[in-house]
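Now, the feature entries from TrEMBL:
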{"type": "DOMAIN", "residues": "B:6-120", "note": "domain 'Thiamine pyrophosphate enzyme N-terminal TPP-binding'"}
{"type": "DOMAIN", "residues": "B:194-328", "note": "domain 'Thiamine pyrophosphate enzyme central'"}
{"type": "DOMAIN", "residues": "B:388-537", "note": "domain 'Thiamine pyrophosphate enzyme TPP-binding'"}
Amino acid sequence: MRRVLSVIVLNEHGVLSRIVGLFSGRGYNIDSLTVAPLAGGEFSRINIVTSGDERVFEQIVKQLHKLIPTYKVIESEEFIEKEMALVKIPLNENLGGLDAVLKAYNGVIANSNENFLFLMVADDATRIDNFLKTIKKYNPSDIVRSGSVLMEIK
Amino acid sequence: MKEISGSTMVCEALRAEKVKVVFGYPGGAALNIYDEIYTQTYFKHILVRHEQAALHAADAYARMSGEVGVAIVTSGPGFTNTITGLATAYSDSIPLVLISAQVANSLIGTDAFQEIDAVGISRPCVKHNYLVKNIQELPRILKEAFYIATSGRKGPVHIDIPKDVTAALGIWDYPQEITMKTYKPNYKGNAKQIKKFVELLKEAKRPLFYLGGGCVASNASEELRELVKITQIPAVETLMALGTLRSDDALNLKMAGMHGSYAANMALSECDLLISVGARFDDRITGKTSEFAKRAKIVHIDIDPSSISKIINAHFPIVGDIKSVISQTLDELKRDQFEIQTQEWLETLKRYQNLYPLSYEDSDEVLKPQWVIQECAKLAPDARIITDVGQHQMWVAQFYPFNFPRQLATSGGQGAMGYSLPAALGAKLAVGEKEVVVNFVGDGSVLMNIQELMTAYEYGIVVINIILNNAFLGMVRQWQSMFYDEHFSQTDLSVQADFVKIAEGFGCEGYDIKTKDEFRSAFKRALNSQKTTLLNVAIDRFEDVLPMVPAGGAIYNMILPKLKDKK
Ligand SMILES: Cc1ncc(C[n+]2csc(CCOP(=O)(O)OP(=O)(O)O)c2C)c(N)n1
């Protein structure tokens, strides 16, 4: 089962490798990972998408708590979750209907040059999946996807 | 405030933490620290002969004294040699601080001579670690390291200090106290949970305490003895908990698990309320988890929330320090009259104890290891006992009468061969002149850190080492006998060193022993000697450790001494 959680940690040397080491050392999966400092700079927020049953997830949460630099583990059921995807499409493709697709996914043209269009969308993970399926027909020459960023609703 | 060097800070911190003994080994990156050690007078530095030994010695020092153990090593290979020691202390939750030197900051990341990513390597083997990038953070890091090592669930903490930081000058403002935003161990048990726990105790028909290393770590022996006494609830102990209760306490069913007593394992299998106290449900105890304490409600008391329900689902978790939680429980229990109806249960257990007590067949032709262990207990009651890893370790656990906590130091969670000789030295330094320290070791494991006889000689650290010599890697041989058609692949040690000469070569005393009389007289000489002694005792080569639960089996399915003879 897919699980998402956020960990607030002291923004100090080696803290990310502690978290990643915890997952790899215990054989837990990391499906995606995003990190950035919080305002003030003392703490960082690490967003993790993982998978596993109830027991595994409970262990992950406890083990994250156990790390000395961990301030808080947020495992809210209700997160706003957004991922970003960047897509590079050759200009010589037939671009008919692209506008409609972008509109449907709240996407924009982020940039362009003489050879390519660069598209950008931000949405939840399943909608990003769908967007990337749809966009296939324009033969994208590159796709980059970020991990999830999370914010609890409550 | 006056500025001092990083090296001085290290020594000042050790002074502030009242550290009396440090185990270590110098090298290039550690030169500044060692130059400071040369002039300071606060602590004694013991030069071991291998960095792994520094960690094992500091570890046993901590186990025996209840204080923190400290080691100092140099960068690169000096540091990598400590990993087994760190892992051992981490598995058994032993408070240690390791200070390793690192190449200078300007060289980090350049593959410099003796550079290694020390914090990267130690991370999974320690409770926490630090790379000190800047002299300004050193006082805080030193204080935090001691605080983290000795609080909550205890464990080793590693500080890696680059050489330039040891030379740099900084302001010495050692914090008196530490408050960390992210680390706040919880000691007291939740009052509501304790009330519920007491209700469960009162209702249970077949309750059982399952005591683990946490009982020793939190110095809760007195409280637990009282709790067992007033409730008349029986208890089993793990290897790490031996000595928490007296061995002759009728309610002590002795060690449980793979080589546990029949009564202990049956009690675990048949209880209806299992109260885990600072134990972690190691697979050497549980055997097949689906068969473990199947009929029991589980109360799980532990200071480490991540231990709870990790392996066996707990119905009633209590997070807190064992000593606090047990005191709280006693207070709650004593609030009113109660009588726990365990009579029938105790009778059943008595029957199990009588049916298959821990036993062995003695012989006059060849020395039995169990006899040697019991004889040692007779000649030196109240000795502090150290073991290495293997059959001898399990025989000591089964047959030595442990009567007080911290009487035994042994590598439980890792089972690290090579532990015991350096550990014996650390233990002796912790307990002092008056107490006897006896190290039981195998003929295999003794060779893994035998160079520490040199350390014993140099510093006049007097311990008695007993090699239970079966000319085999005995424990592995036993598995090969039972499960691998007696294919003794790489376990026959019948080509032997002359251990007496080795001992003498290191300035110690040695004796070869083949008979009971020889053992008695040599042991008495060792007790009166001013030197470390090595007794090389030839024992029955094919003696097995029994009972035994085959790995992965249910713990009520034991291979028992008598049943084995019938086969
Ligand atoms: C460092 C290390 N290597 C290997 C092992 C695996 N091992 C466990 S017990 C054992 C045999 C120990 O033999 P010995 O020291 O002679 O003791 P005995 O079992 O004969 O009492 C071995 C090899 C271990 N526990 N630790």
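Backbone N, Cα and C define each Cβ position, glycine as well.
Per DSSP, the domain 'Thiamine pyrophosphate enzyme TPP-binding' (B:388-537) is made up of 63 helix, 26 strand, 61 coil. As a summary of secondary structure, the domain 'Thiamine pyrophosphate enzyme central' (B:194-328) carries 55 helix, 28 strand, 52 coil according to DSSP.
Within the model, the domain 'Thiamine pyrophosphate enzyme TPP-binding' (B:388-537) carries an average pLDDT of 98. Broken down by DSSP into helix, strand and coil, the domain 'Thiamine pyrophosphate enzyme N-terminal TPP-binding' (B:6-120) contains 57 helix, 20 strand, 38 coil.
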